Amino acid sequence: MYRDPEAASPGAPTRDVLLVSAIITVSLSVTIVLCGLCHWCQRKLGKRYKNSLETVGTPDSGRGRGEKKAIKLPAGGKAVNTAPVPGQTPHDESDRRTEPRSSVSDLVNSLTSEMLMLSPGSEEDEAHEGCSRENLGRIQFSVGYNFQESTLTVKVMKAQELPAKDFSGTSDPFVKIYLLPDKKHKLETKVKRKNLNPHWNETFLFEGFPYEKVVQRILYLQVLDYDRFSRNDPIGEVSIPLNKVDLTQMQTFWKDLKPCSDGSGSRGELLLSLCYNPSANSIIVNIIKARNLKAMDIGGTSDPYVKVWLMYKDKRVEKKKTVTKKRNLNPIFNESFAFDIPTEKLRETTIIITVMDKDKLSRNDVIGKIYLSWKSGPGEVKHWKDMIARPRQPVAQWHQLKA
């Protein structure tokens, strides 16, 4: 009897069955790889979306006093920079820094519905803020309109009592000028290095700007601390609806700076304690817990951990860090770190505490920072002084995280 050589024995798998099994196995492998790749892309894009950035030109610190910058606003409405400042280097995309976009965006939504009556030098519009808010300094500027030339003039003169944003106890302030709701076009002053009471005396012209459109705008000034190697830190902001200002002549204002719209409150808070032991020449920093941390991942959460840097005379001395708390916006750490600090070096010592969001597949994100020293912000200075006044006792305090 003839037997088909292709026929399989009853217990053995046929060629077709083996082929189908191989195809299924390969398909499952490809599917798993694609799912993993999609998850990685989704997480990475999610972080970028949460921290969407706009490109900004670097302020030129070499410009002279009293110089004018002009933006020509044609009837079509788009602003074009037509008058470069002498000595200013051209903007180069490769030499631009990034800044949070949310401050200006949030302000457009909140201010267009709140047109408050203002008078030059008046500060009554800020009374509702309460006297307990942090002092961010104040700024002096002038604004007026030339009807013959259809030009709005803004002069930024000076600022006083700005807070220190650098761990060296100073700031490098400059000012951005917007006419909201236009967020795309802006003008900037030069940077004043290491100066908490800067004088700019710079004049800015918005040319070809019909008066009926000017009164629909909000003059917005944002003071920032320039950082050459990272994002600039917002110091404070001021806004004035131009339909509430007499623009027939130059009006001069002194206005207190308010927290920027993307301010520190949205980043969360950190509870920590400091314990100073003068006989042992040491400070113990206890990172206790955080609350309401900013969500950095697309899933609406973060993987926070805390870095603690000991600085002496602007130089890094020692770093410690906590464990990472997965998917937690209200983590509890309870981790202590001891630092050796001789008494005679206390005055030049700064402790920088940074809350980070851990990311395995990309660079870790900064959620917020705290600078502790005798020359930091009011809340930080109070904690530092309380620590020294109560030796060998842990002194705990909540701190707002800052950009």
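Cβ atoms here come from the backbone N, Cα and C positions, even for glycine.
Since we're looking at a predicted model, the values are computed, not measured.
What Swiss-Prot records for this protein:
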TOPO_DOM  1-16  topological domain 'Vesicular'
TRANSMEM  17-37  transmembrane segment
MOD_RES   S52  phosphoserine
MOD_RES   T58  phosphothreonine
MOD_RES   S61  phosphoserine
COMPBIAS  90-100  compositional bias 'Basic and acidic residues'
MOD_RES   S119  phosphoserine
MOD_RES   S122  phosphoserine
DOMAIN    135-255  domain 'C2 1'
DOMAIN    266-399  domain 'C2 2'
BINDING   D297, D357, D359  Ca(2+) 5 binding site
BINDING   D359, S362, D365  Ca(2+) 6 binding site
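Positions of Swiss-Prot features highlighted on the structure.
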residue: D297; record: Ca(2+) 5 binding site; Cβ within 10 Å: 18
residue: D357; record: Ca(2+) 5 binding site; Cβ within 10 Å: 21
residue: D359; record: Ca(2+) 5 binding site; Cβ within 10 Å: 16
residue: S362; record: Ca(2+) 6 binding site; Cβ within 10 Å: 11
residue: D365; record: Ca(2+) 6 binding site; Cβ within 10 Å: 19
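Ranked by CA distance from D365 (Ca(2+) 6 binding site), the binding-site residues D297, D357, D359 have D357 at the top as the closest.
Cα separation, D297 (Ca(2+) 5 binding site) to S362 (Ca(2+) 6 binding site), rounded: 12 Å. The DSSP breakdown of the domain 'C2 2' (266-399) into helical (H, G, I), extended (E, B) and coil residues amounts to 20 helix, 66 strand, 48 coil. Counting residue by residue with DSSP, the domain 'C2 1' (135-255) contains 7 helix, 65 strand, 49 coil.
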